[in-house]
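Written below as structure tokens is the structure these notes are about.
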Amino acid sequence: MAAQVDAVILAGGMARRMGGNDKGLVELLNRPMIEHAIERIKPQVKEILINANRNQNRYSEFGFKVFSDQDSGYLGPLAGMITAMSNTDAEYLLVVPCDCPLLPTDLVARMLAKLTAEDAELAVASDGKREQPVVMLLKPSLRESMKAFLDAGERKIDFWYAKHHYVVAEFSDQPNAFVNVNTPEQKQQLGEAIANEENH
């Protein structure tokens, strides 16, 4: 039987470098950024959850469950992840950011294969050059470990997952897969890259 995988799209950040605009709702090629991520992820998972701390009515229009961080202090991505772990009964949870419009269409398959082959607790994606800490596949049972980490005042994702048996899933064959948008300039460059991809 195929493993059950749910996904959470993290849209809870402050997006200071985008002028404070809600990154998931910033338009790229006339569509909200998160819509690109949803399109890529939806065929790969059972359910999609959206973690958003503002504009929740707008996010709910996409037809998926929307939730805010249990702790309202903007503790970074881990706060959204730990809340998502409480909102899924799937065997695995895929975590992706809302501003990666070129996510691999085989993301879950490759991460799950790597994780199960090495009997790991979580898999982290890599573009071949560096790990992508907010693109991971993990077991929701790791929630208690993450809670203890946050309770100790820690915030950095890579510090947390380094405490566990994790594997790195390489996507060097898709170098743009995890390109994200932090500035208006990056948004323009990415829009041009996607348009080029669609024209070939």
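Glycine residues also receive a Cβ, built from the backbone N, Cα and C atoms like all the rest.
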Same-site residue for GTP (record: Swiss-Prot; known: Leu10, Ala11, Gly12, Asn51, Asp69, Asp99; options: Lys23, Lys114): Lys23
Among Asp69, Asp99, the one of these binding-site residues whose Cβ has the fewest neighbouring Cβ atoms within 10 Å: Asp69
Cβ packing number for Gly12 (GTP binding site), 10 Å threshold: 28
